[in-house]
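Shown next, in structure tokens, is the structure this report addresses.
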Amino acid sequence: MSHRILLLGAPGAGKGTQSKLLADAYGIDHVTTGDALRANKDMETEYGTPRSFMEAGELVPDPVVNEIVKVALEEADGFVLDGYPRNLSQAEYLSEITDLDAVIFLDVSEEELVGRLAGRRMDPETGEIYHVEYDWPEDEAVQERLVQRADDEEDTVRERLRVYRENTEPVISHFRDRGDLVEVDGEAPPEEVFERLKAVIEG
Ligand code: AP5
């Protein structure tokens, strides 16, 4: 059975980590606006490059992001959507282009979010995500090439959390008010969180 899953959560809640696991487990696409924008950060648009917004911790303008999501969902036979919608206007657009089977909010405290983002490292060759405390690679060659995401610097993290509270929390409330939202406690080791998500999706 194909699944159409929306995974919501604050920056650092573990959306990327869990989306990859879910995509592998169910053989569906991982549709992530963050990765798509990072892969095209110097693309010229009428609003400027995605990079200029991302490195400031601001949202990339809706028309750019909406188009990325529309194309990706059209091509997908089942998906887990991560990083979108981030404001009510994107939520409205999403409801016009697809139905959803599950809307899940990964709940993580702000203190934990800041620790996760500060310790996150990325392998520029594979895109694999690690953490200096929770998930450090054994291979020394990999360790040496890990980089910190530009928007994981402390000031930018603070701005991303502010933008999340202002723009994205209303999206969470919107789904909660409609009775569509399932909330999952995201403060546990990744494999435990994954089991909780599977229980929701399969239950
Ligand atoms: P995006 O890439 O979507 O960033 P985000 O939402 O801020 O989410 P993150 O990738 O920071 O966190 P995550 O929840 O995926 O956590 P992860 O699994 O990596 O967006 C970046 C930017 O792009 C935005 O600021 C904006 O500019 C732009 N953008 C994107 N979408 C947009 C949209 N729709 N509209 C407009 N602009 C958009 O985990 C974090 C760390 O914690 C990792 O190190 C991981 O190893 C560790 N970790 C994960 N799970 C656990 C666990 N259970 N226990 C301990 N550690 C864990």
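Cβ atoms are placed via backbone N, Cα and C, with glycine included.
In TrEMBL, annotation is done automatically, which means it is predicted and not curated.
According to TrEMBL, the protein has these features:
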BINDING   GLY12, ALA13, GLY14, LYS15, GLY16, THR17, ARG120, ILE129, TYR130, ALA188  ATP binding site
BINDING   THR33, ARG38, GLU58, LEU59, VAL60, GLY83, TYR84, PRO85, ARG86, GLN90, ARG149, ARG160  AMP binding site
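The structure, with features from TrEMBL marked on it.
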residue	record	Cβ within 10 Å
GLY12	ATP binding site	26
GLY14	ATP binding site	26
GLY16	ATP binding site	20
THR33	AMP binding site	23
GLU58	AMP binding site	16
VAL60	AMP binding site	23
TYR84	AMP binding site	25
ARG120	ATP binding site	22
TYR130	ATP binding site	17
ARG149	AMP binding site	17
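In this structure the C-alpha atoms belonging to ARG86 (AMP binding site) and GLY14 (ATP binding site) are separated by 16 Å. Taken in sequence order, the binding-site residues GLY16, ARG86, ARG149 that lie near ligand 1, meaning a CB under 6 Å from one of its atoms, are GLY16, ARG86. There are 20 other CB atoms within 10 A of the CB of ARG86 (AMP binding site), with all protein chains counted. ARG149 (AMP binding site) carries neither a helix nor a strand DSSP state and counts as coil. Using CA atoms as reference points, the binding-site residues GLY12, GLY14, GLY16, ARG120, TYR130 were checked against ARG149 (AMP binding site), and the closest is ARG120. A helical conformation is recorded for THR33 (AMP binding site) in the three-state DSSP classification.
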